[in-house]
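Engineer: Annotations for this protein, taken from Swiss-Prot, read as follows:
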- C379: active site, nucleophile (ACT_SITE)
- H503: active site (ACT_SITE)
- E505: active site (ACT_SITE)
- S12, K186, T187, K188, P189, T190, Q191, K222: UTP binding site (BINDING)
- S12, D147, I148, E149, K186, T187, K188, P189, T190, Q191, K222: CTP binding site (BINDING)
- G13, L14, G15, K16, G17, I18, D70: ATP binding site (BINDING)
- Y53, G352, L380, G381, M382, Q383, E403, R460: L-glutamine binding site (BINDING)
- D70, E140: Mg(2+) binding site (BINDING)
- 289-530: domain 'Glutamine amidotransferase type-1' (DOMAIN)
- 1-265: region 'Amidoligase domain' (REGION)
Amino acid sequence: MKYIVVTGGVMSGLGKGITIASIGRNLKNKGYKVTAIKIDPYINIDAGTMSPYQHGEVFVLRDGGEVDLDLGNYERFLDTELTRDHNITTGKVYQEVIAKERRGDYLGKTVQIIPHITNEIKNKIRKVAARSGADVCLIEIGGTVGDIESMPFLEAVRQMHREEPSENIVFIHVTLVMEDLQGEQKTKPTQHSVKELRALGLSPEVIVTRSKTPLQESAKEKIALFCDVPQELVISAHDAGDIYEVPLEIEEQGLTTQLMKHLRLESGVDDGGWREMVARMKSTTDEVKLAIVGKYTNLEDSYLSILEAVKHGGIDNACRVEVNMVEAETLEEDLVEVEKLKQYDGILIPGGFGGRGTEGKMLAIKFARENDIPFLGICLGMQLAVIEFARNVANLENANSTEFDEDTPYPVIDILPEQTGVADMGGTMRLGDYDAILKEGSFATKLYGTNYIVERHRHRYEVNPEFVDRLESFGIVFSGKNKNRMEIAEIPGKRFFFASQFHPEFKSRPGRPSPPFKGLVRAMCKYRKEREVQ
């Protein structure tokens, strides 16, 4: 097994995840099987109970793992499926070590950070890498060098560097290069960051610099000199027009070739597929506008996978999608804001929790339904579409979800039976892959091209089966089901009115878009052309 370990310095949020994903993509383009592990030094077991304002969206894996959004980037770039074990947290490590201590696995010994915690970290890394069957395992250590939380993980990979043959492991350090008022790039923070890393016994073979503009030759020379790395291994990861251009950006600087040389991997022929996809993305001329009506609109990372899936749909339809975030509560406060939705070619209601903003979202759904604007609802978006339909079409006044109103006379959305009495919040929802059978001749079947699908889920509430027949008698169709669970709702005769209990965005890939997003953008393009003719 070959390991590529990526650390970060100067500050967090530099883009280590995109760096890892881009390196992995380039190695995959050369014919190698690649997997990736994200190490998060927080004490949480997983990301499931974190606010989107803390870490952005919670990405859901096929096995139900609720993880950091970086793993979503890994899956999209590498076109692979990961598991919950690919996300190692301090919480998981300590939980396992304490469980072993209680079982008596360390009987007679004092349990310590070294060797017990560090050994557990190494064991987790090696087990995941081995099970994946990959040629190369990429490891991202979250946070910044110098953070107290990261120390056990840095010590663990230091030990791995000592234990593995030198041709089996390489260290990459990602740092920030800032510019002063005169535009000169300053390398001191990078130098100090590498110095701090070396004090921990780690010497990076490659330095990747994040900057607004391409790294100047003088700055590259200075970093190479003071950080003791060859100049050709100081890589500029400057801001790109789109994250999917980053693999090409670092490939052109020879990083993949240098890594393969260090790891003694035979050079393969690039199939060119990624480059072609990026070229298609950049050559789009048509443009449509999409409104995402949500409650976490101040932080776009809250809806990262949705934004990427929309982009994938745009690439496939040779159309650029301009996305505007609309705060749901503003629609509740001023109906004039609702009318402004007519400027959009499509409306999307994403998933979420809690009652804040739900009435505003339903106003947006009603506007889309009545004005036949292409609409996509996801998870909570589907539940609200059903509530809106129940109230305004099926004459079920004050219909609601028991999540928001336990005393509603028409609980068209109710808690999952197995969730009743569940007290713990973490990892207890209906999570991960579940299948659905699609109704023959439905729009959903046409969209997917099959009557059997598997998609990822994250929810506690569902459409109440007691109201399905009554709602369908008024025209809505539940065209996808998992046994007696409603997975898809659609309204026939509309340009595009599709809502899913599952999260299709989590399985969307560049070059292979999720069918609902591909269909939404296609409908938006058609709607835009119809409006232009009028």
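Residue positions begin at 1 at the first shown residue.
Backbone N, Cα and C define each Cβ position, glycine as well.
Show me how these features fit into the structure around them.
Structural biologist: In this structure, C379 (active site, nucleophile) belongs to neither helix nor strand by DSSP; it is coil.
Taking Cβ-Cβ distances under 8 Å and a sequence separation of 6 or more, the neighbours of H503 (active site) in its chain are V60, S305, G351, I378, C379, E455, R456, H457, R458.
DSSP gives E505 (active site) a helix state. Sequence-distant contacts of E505 (active site), defined as residues of its own chain at least six apart whose C-beta falls under 8 angstroms from its C-beta, comprise S305, I306, E308, A309, I378, S514, F517.
In this view, T190 (UTP binding site) is surrounded by 27 other Cβ atoms within 10 Å of its Cβ, with every protein chain counted.
The Cβ of K188 (UTP binding site) has 12 neighbouring Cβ atoms from other residues within 10 Å, across all protein chains displayed.
Other Cβ atoms within 10 Å of the Cβ of K16 (ATP binding site) number 25 in total over all chains.
In the three-state DSSP assignment, the secondary structure recorded for E403 (L-glutamine binding site) is coil.
DSSP assigns D70 (ATP binding site) to a helix. Every protein chain considered, the tally of other Cβ atoms within 10 Å of the Cβ of D70 (ATP binding site) stands at 24.
Per-residue pLDDT, averaged along the region 'Amidoligase domain' (1-265), amounts to 94 for this model.
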Engineer: Within 8 Å of the Cβ centroid of the ATP site residues G13, L14, G15, K16, G17, I18, D70, which other residues of the same chain have their Cβ?
Structural biologist: G8, T19, I20, E140, V174
Engineer: Which one is it: of the binding-site residues S12, I148, T187, L380, E403, whose Cα lies the shortest distance from the Cα of D70 (ATP binding site)?
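Structural biologist: Looking at Cα distances from D70 (ATP binding site), the smallest one goes to S12.
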Engineer: Reduced to three states, what secondary structure does DSSP give I148 (CTP binding site)?
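Structural biologist: In the DSSP reduction, I148 (CTP binding site) maps to helix.
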Engineer: Under 8 Å between C-beta atoms and at least six apart in sequence, can you list the same-chain neighbours of I18 (ATP binding site), or say none if there are none?
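Structural biologist: Listed in sequence order: N73, I243, V246.
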Engineer: Which has the fewest other Cβ atoms within 10 Å: G13, G15, P189, G381, the binding-site residues listed?
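Structural biologist: Looking at the binding-site residues G13, G15, P189, G381, the Cβ with the fewest others within 10 Å is that of G13.
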Engineer: Which has the fewest other Cβ atoms within 10 Å: L14, L380, M382, the binding-site residues listed?
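Structural biologist: Counting other Cβ atoms within 10 Å of each of the binding-site residues L14, L380, M382 gives the minimum at L14.
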Engineer: 10 Å Cβ neighbour count around E403 (L-glutamine binding site)?
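Structural biologist: Other Cβ atoms within 10 Å of E403 (L-glutamine binding site): 18.
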Engineer: Relative to the Cα of E403 (L-glutamine binding site), which of the binding-site residues S12, I148, T187, K188, K222 has the closest Cα?
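Structural biologist: That would be S12, nearest by Cα distance.
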